[in-house]
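Okay, so here's the structure we're looking at.
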Amino acid sequence: MEKEMLDIEIQTATEAPAIFKEAIRPVTLKFEDVVYKIKQNNSTNNEERVILNGVSGLVQPGEILAMLGPSGSGKTTLITALGGRLGGRLSGAITYNKKSFSNAMKRNTGFVTQDDFLYPHLTVTETLFYTALLRLPNTLSKAKKAMQAEAVIIQLELTKCKNSVVGGNCLYFGKVSEVMDYLSGIGYIPLVAMNPADFILDLANGLAPDGSHENKSKVKQSLTLAYKHNRLYNLKAQLQGEQLQETNSSHFQDGSEDKNFAKWPTTWWQQFSVLLRRGLKERRHESFSGSQINQVVAVALLAGLLWWQSNISHLQDRTGLLFFMSEFWGFFPLLQAIFTFPQERKMLEKERSSGTYMLSSYFISRIVADLPMELALPTLFVTITYWMAGLKPTAGHFFHTLLVLLLSVLVAQGMGLALGALIMDQKRAAVLASVLMVSFQLAGGFFVQYVPAFIAWIKYISIINYSYKLLLGSQYNENDTYLCDSGVCLVRDFPSIKHVGLSGQIGAAVALAIMLVGWRLIAYLALMRTGL
């Protein structure tokens, strides 16, 4: 994509003014006697507060409308109403080309919120390029869409920072009078008296106050971590305390749509492919990150050493290893996936409110984008642990074990996606997930073999129960034997295997396959329920 954008930039430098010369789809915006009311908090008589009172106006194609007024006068409320994104008691007439706000108009207008949300790990060029691919119509080729994105960069004079990453980290938020005390408290003290603004800018650029050649990234990372640990928690608590209650109802209804506005500017497949590429680029810093790889390798080596070359006579140890594998790869992907939708909710709301893409294309692309990391890490784990632990040394048994574990990982990931989408709160979802997985673990047939009948049903919805059963089947069959106190015994009669059983392997695989689809379906329906 970088080469493609570079080739187009030369052409765009001369063509940019032509792109913005005239509106391709002129729109006349009229609003007349717009009134907006909200219910007063703590009011017993259903009293209402008037935010907008009979506001009227007209905006012709090519005009720029600026709204001026003191704080609390309703500027943001009016803009939100004109953008079709205001719920509550809104009355009056707002029309676009003499028609009410519709889904078609939503897809062909842009709306920037007060606190805009962008993917922090994409560059300026990548952000605009993917937006152009998603929102511009199919009548334009990919090259033309890229040209439009480059034209915006030139028009807004963003050329110098076009390859800069959009996101950043906050170093300080608070009173000006306290900033130097805060920086001194975390170890950054200027050697000589200097303007606080200059000192902060130096730190933001990674320049140590003592003038040493300390790694700039280390200075920035130190400031970021200090802010998160010392001030961010208090700031979030303050913001939550002042958050106003919002209504979810919407005033505007879909009306007749202008034939010039397509229902969707791009096809489902185009949306999916663009979102997939964007997702892979955005999460490249997460995928195969050093910390995750080191974590998995460390656990794999530790497990391999603890179960080093265990033989068939150490059946309790071997079954313990198989249960640990099913347990670890139930928790790990579950807790990773839980944060997916809560973290991306604001960005999803922003793009969906503009009709940028279908929910299904986003959902499928998000699942597919996670597959490389979700499948590679357990493969690495099994490759290390399997041979160190001395499990059956044949390719068939190895790949059987690997496939079972990968299926279990995908099911656990689906469960995490569903819980995150249902609750949309990271902490609450993580707590619920931990409780569920501990329940599944205890009912998995390894720790408790005689489960009371009134609670035995848990094993039928337990991921760990089915994956443990399939892992046992990957190593043993009904006729395998081992040396026991009485001579030679059947593996199937060993206590921790007998209560789970080696039969019913197909049923266990089918159960996991149903969960694989079922949890993702629940996640999708939960996203639909939230209005996304």
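Here the Cβ of each residue, glycine as well, is placed from N, Cα and C on the backbone.
Marked as domain 'ABC transporter' by TrEMBL: 29-265. Annotation comment: TrEMBL describes 287-308, 320-342, 363-389, 401-423, 430-458, 506-527 as transmembrane segment.
Stretch with the most C-beta contacts under 8 angstroms to the transmembrane segment (320-342), considering only 287-308, 363-389, 401-423, 430-458, 506-527: 401-423. Contact check: the transmembrane segment (506-527) against the transmembrane segment (401-423) gives at least three Cβ pairs closer than 8 Å, residues 6 or more apart, which meets the contact criterion. For the domain 'ABC transporter' (29-265), the model gives a mean pLDDT of 75.
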